[in-house]
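Scroll down for the structure; my scribbles are underneath it.
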């Protein structure tokens, strides 16, 4: 038997408590950016039974109705009945947003000859791999697609007994060349109404969610399926668990296959390099892989608060590079702008584009607003590398 290794990633649905919080934070960010593209926003959300608490720091002259925004997000997700214990109409919405410190603005804002500095110190990673069509790791890609499908069949009425809270997990087998060759295990847990029998639920999830999403060539008689393995899952959402912004940073990125600098994304305007530089890192890594310079690429970028130039840029292609990592690193410096103001302009980030990122991953997504997914630098990189 040939040698193989296993790798697992998980995702959660838009109705998971932590993801509700992420979406509320990003909806508020979008509403502010729509009125004031120069706003500074750091918006955190907590959700629990019957309540939403929004807190953080904002600097803007714009006014937005935070209560209305939060209720709208919860309604769209599908918490629309008091039977679920969480309802967009009856939940309390509390606002504890304050002003951003003027000390931060001194180092971060552009003023005359002073170039915009990083909003904080920190390290960020970007990653890409050619094992899927979206140049993302297979486990996180299919984990996301499972919970996206759960939301789709819940909302369109195909499986009307499903409720918003759900989680998925996919374990892939990788061959001796490091390529995905089979799916070893699939876990899908979904909240549901009390009326459905477990046997009916499991059959419906298998036929309407798992089979349409996972490629048949990766499934076999050896694939293990765990559908609601603990039995019934009636109590869920913010009733079952408290939700907080920024607690699903591995779901948001690469499913654990790449390293993470620790900074969350949602609720942060693009002056925060936690978010914008991680997006730029993805853009760099994806273009390197799309150009054929490597099968797999991870970039680390780091910053000092108030300083524009990155304190470091490093590249790792895990031995898959067609040219050396040092050559790729030099190409990155020549072809990409990684100072805060430059990368914000490069990716056009001062726009209300963030709510769609707050569920089902920030990377490997399609749509013109996911500017960091473009591969428009691939040809220039390929030519510059002499490939």
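Cβ coordinates are placed from backbone N, Cα and C, and glycine is handled just like the others.
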Annotated range (Swiss-Prot: region 'Flexible loop') out of 78-88, 89-99, 100-110: 100-110
Separation of alpha carbons, residue 18 (Mg(2+) binding site) and residue 241 (ATP binding site) (Å): 9
All-chain count of other Cβ atoms within 10 Å of residue 268 (ATP binding site): 27
Rounded Cα-Cα span from residue 44 (K(+) binding site) to residue 272 (L-methionine binding site), Å: 14
Those residues of the chain, 6+ apart, with a Cβ under 8 Å from that of residue 166 (ATP binding site): 12, 13, 15, 16, 147, 150, 151, 188, 189, 190, 191
Separation of alpha carbons, residue 57 (L-methionine binding site) and residue 18 (Mg(2+) binding site) (Å): 20
Candidates 16, 248, 272: member of the binding-site residues with the richest Cβ shell (10 Å): 16
Between residue 248 (ATP binding site) and residue 44 (K(+) binding site), the C-alpha gap once rounded to whole angstrom: 13
